[in-house]
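Okay, so here's the structure we're looking at.
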Amino acid sequence: DFLCISLVNGFIQLRYNLGDRTVILQTLQKVHTNGNTWHLLNAGRVGNEGYLDLDGINVTREASPGMNALDTHSDFFVGGVSSLYLANPMATENEPTGFTGCIREIVINNRELNLTVTDPKGGANIGDCDGTDCGYTVCKNNGTCQVENSGFSCSCPREWTGTMCEQSIHCSQNMCGSHALCIPQPTSFSYTCACALGWTGRYCDNKIKFYIAKFVGNSYIKYSDPLYGKRDLQYSRLSLNFTTNQTEGLIAWMGKSEEEDNDFLAVGLANGTLKVVINLGERISVPLMHSKYFTCSDGRWHFITVVQNQTCIKVYLDEELILFEDIDPQRKYTALNYGGICYFGGFEIGREVNIVTTGLFQKEFIGKIKDVVLFQDSKKIQLMKAEGYNIHDGNSGN
C-alpha cells in the first residue's frame, strides 16, 4: 500500500493504492514555477475515495467497491525518499526524483509536523527556505514578524503578548502555581488555573492524594500501560466503577487517539444509556448501546466490564451481561492495538471530546471513577501516578 503526492509536468498528482488498484488524481491547473508563489495543497482519502485540492480548486474520485484501509508501516517521507528504488513503481508517473523547492506547514490528520533540524527522524540536503530569523511560524497567534539586527521581533494582536505572542494577556499576570496551566477566559477578561494531577485549589497549590478520581467536566487522566508490550491484544479487558448524574460523557478511551485510524475501545454515556464502541482496524464496529435508559445516570456506583475476545465483545454492567456481539464474523482484524494509552474522563486540555471521537461521545465525563483494572491484572492501576488535570479527591463528600 502507498499514498504519494508528486509534481508531474507542472501538475500535482495524488496516487494511492490500498491493496487492489492504484487510483490517480491530477489537478486541473499547473503550479507556478517562478519560485516565489506559495500554493496551498489539500490531498487525502476517505475510505477509498480520494480528493485533491490545489488553491481551492478540487478534484475528487468517486469511491468504487474495494479496499478502504491504507496499511503502511514505513516512515513518512517529504521531498524525496532515502533510496529512490524504495518507491513503488506505480507511485509516480515518471522515474522518481527528489523535489526542488520549498515546503511548509505540513498537517497530517490534523497534526502539524515540525519541520525543524531536530524534530524529523532524519533527512539530507535540506536548507533554510525563508533565509531570515523570522522563518514561518516564529510569531504565534497571528503575530507579525519583523527582522532586526539582533534577530527578530513580533508585533502581537491585542489579545496576545510575549516575545513570540505565545501568552494570552489574560494570563500575563496569573497567579497559578508551578503545578498548573493558566487557561485564559477572554469573555470575562480573566483566567482559571488547571491543576496537574495531585494538586488542587484556586491556584493549584494544595497537594492531594486520592483513590477515587472526581472529574468536573474539564478533567482528564492519561495513563500509560507499562505492561503494553507483554499484552495479548486479541484478548483485552477493561473494568471500573463509576458514578454520575449526567446523561452524556466519555468514561474511558483505550487508544492513542492521535489519528482517526488508531484502534480504540471506548466506554461512555449517550442519552443516559451505556455506549461501547470498538475499532480494531477500520472503524467497523457499530456502537453497542444498552437498551435500558437512564440506568447509569442515577448518582449510584456502577461496575462495568468490557471484554474483547478477538471480535467478540461482552459488556457487563453490575455483573450482569448486557451486551454480547461479534462485531466482525469475518475476523479481518482481531487485535486491539491501543498503543498502551488509556484516557479517562476526556482528553488533553484544548481537545474537545466530540471532535476527537468524531461525535461518538458529546462531552467530558462529570462524576467519579475508581477501581480501574486492565486485562486480568491482579492490581488496580494507580490513577494518582498518571498524567492529568483538574482531578479532585472523590474520597470525601460529594
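Cβ coordinates come from backbone N, Cα and C, glycine included.
All annotation found in TrEMBL is predicted automatically rather than curated by experts.
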Inset, instruction - Looking at the disulfide bonds in TrEMBL, identify which of C156, C171 pairs up with C165. - result: C156
Legend entry - Recorded disulfide partner - C129, candidates C102, C145, C154, C171, source TrEMBL: C102
Inset, instruction - Taking C176 as one end of a disulfide recorded in TrEMBL, give the other end from among C171, C193. - result: C193
Inset, instruction - State the non-local partners of the domain 'EGF-like' (130-166) in its own chain: residues 6+ outside its ends, Cβ under 8 Å from one of its Cβ atoms. - result: 104-105, 172, 186
Inset, instruction - For C195 (disulfide bond), just count the other CB atoms lying within 10 A of its CB, please. - result: 26
Inset, instruction - Work out how many Å separate C204 (disulfide bond) and C156 (disulfide bond) at their Cα atoms, rounded off. - result: 29
Inset, instruction - Quick one: pull the CA-CA distance for C102 (disulfide bond) versus C165 (disulfide bond), whole Å only. - result: 25
Inset, instruction - Please indicate, using numbers and ranges, the residues of the same chain that are 6 or more beyond the domain 'EGF-like' (167-205) and have a C-beta under 8 Å from a C-beta there. - result: 158-161, 218, 221, 349, 383-384, 386-393
